[in-house]
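Asks: One structure is given below, represented as structure tokens, and several questions about it will come after.
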């Protein structure tokens, strides 16, 4: 059950409490969320005669990005939305990409626009992201949606933290008053996650690479969300017994047998016996991200109606 | 020196350490900042032939707001900027106010626009704030500037947290790695303050009305910023010995002699002997707010040039 390489400092803790190490099945949650979205798409079309449409833009030939955009397009299609792919050569200029975004912004059949990151050198990703109409910014990475999240206003929320929040609310219900600690302060996950949890009434701390003694804070967390990209960073003695642990990290590492496997930022085998609930890697947060992109596309389609109403 | 009404729990702490209870003189800092801004305004005009201009808009007859806008206009004038006042009747409609903002947005002599809050009932303050051109949004309260702050991009930062940051950097230098706790999660102070401190490399926690045991976090703070409007909330046992305490609160309370006085959110006489450095109320953060408004107006004038360059 555990492969602790350092002695457990709190054996009594790990044995007590009502429940320990419950796996949060993100894959199953994402399946049911996609089913719900597919039903909502049917109902939305029945009521308004509109089918939500998502445009995904890929520039260049990064193999991982090609897989991501293909999966996004396929899942969009599977829930009954329109899916548009724009695959542009590595030599695409920033000006040409801005022209395409302008055209997609103006296209009434497109409700969501996603430009796959990273972009080739010579293209300013921030300028591109901000050029997307905030009402179509289904990645939630533009300045306006970041501002709306910070101000506690409705808007389009970055997919990964939105997925984490859905899992947390499904497991814990109302989050008000819980101590949440977010490890990692990125624009993509850490900061929006912290703001989302703050808006839900959590007491929120953000721990990052400059933090002197991160364990002192992580050990107080009822909710611990980890998004650092450092595999196995979170050890058993970083976690409060009974905490809900959400592991956003995903890294491919070699195994003893010469193959590779995917691991998270949390040392799962150590932490699972202590945590109340924990997401595995893979099968935890990962499947939620694309499902939330679809959710955001539906939200964006609704926004397009309220705008023209 | 102290009027503790509860026994000191850590007498050894309050007696130890290199320095305790040093007053941070925000008034003197603001005077020197305004002098610097006045010199910068002269240099800016000499180089570009442009005098920064600030438009302040007041709707209605709230007596406190009348004093605030008068002071803002006077201080703008005193540092050599152009100051424009628009005092509109209580009956002003949202549409009329939006028209005025559109005109000010288009006016090349206006570099900063401030609409004094609160606005009368029937006017949507969020809609008004967002209507201000982000490059002229010297209060930093619009969605775009809130987003830029959240994303760690340059922009116009709300005046009060900017003033707090200037005081902290002046006292402590580089803030990287320090534990910062912000008490209060408002859009005006708490949230932007937390994001500013995060961008400076602090480990940041936000404590608020739903926090179960706020002292557990505040007692870990190297930097404690308090903005709740609850006078005297922060007692001696909430503060780590040697901490730097920034008190944003300002409340008028009655005294025993039947007069009134201004007090902060920190029980000053209790906390000063424990804190390393502390801002008094009045004379701490307050004077920095208008000085930072002037700083932002100069920043906005610079932005207007880089835009047309």
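One is the number of the first residue shown, and numbering goes on along the chain from there.
Every residue gets a Cβ built from N, Cα and C, even glycine.
Feature list, courtesy of TrEMBL:
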type: BINDING; residues: A:184, A:185, A:186, A:209, A:250; note: NADP(+) binding site
type: DOMAIN; residues: A:24-139; note: domain 'Tetrahydrofolate dehydrogenase/cyclohydrolase catalytic'
type: DOMAIN; residues: A:158-302; note: domain 'Tetrahydrofolate dehydrogenase/cyclohydrolase NAD(P)-binding'
type: REGION; residues: A:1-21; note: region 'Disordered'
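Can you walk me through where each of these features ends up in the structure?
Replies: Residue environment of residue A:209 (NADP(+) binding site) contains 12 other Cβ atoms, counted within 10 Å of its Cβ in all protein chains.
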Asks: Counting only residues 6+ apart in the same chain, whose Cβ is under 8 Å from the Cβ of residue A:184 (NADP(+) binding site)?
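Replies: Within the chain, residue A:184 (NADP(+) binding site) has Cβ neighbours under 8 Å at A:190, A:207, A:208, A:226, A:227, A:228, A:229, A:248.
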Asks: Please report the DSSP secondary structure of residue A:209 (NADP(+) binding site), reduced to three states.
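Replies: It is coil.
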Asks: Within 10 Å of each Cβ, count the other Cβ atoms and name the one among the binding-site residues A:185, A:250 with the highest count.
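Replies: Ranked by Cβ atoms within 10 Å, first place goes to A:185.
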Asks: Can you name the binding-site residues among A:184, A:185, A:186, A:209, A:250 whose Cβ is less than 8 Å from some Cβ in chain B?
Replies: A:185
Asks: Starting from the Cβ of residue A:186 (NADP(+) binding site), draw a 10 Å sphere and report how many other Cβ atoms land inside it.
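Replies: There are 18 of them.
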Asks: What mean pLDDT score does the domain 'Tetrahydrofolate dehydrogenase/cyclohydrolase NAD(P)-binding' (A:158-302) have in the model?
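Replies: For the domain 'Tetrahydrofolate dehydrogenase/cyclohydrolase NAD(P)-binding' (A:158-302), the model's average pLDDT rounds to 97.
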Asks: Per DSSP, what is the helix/strand/coil residue tally across the domain 'Tetrahydrofolate dehydrogenase/cyclohydrolase catalytic' (A:24-139)?
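Replies: Counts, helix then strand then coil: 62 helix, 19 strand, 35 coil.
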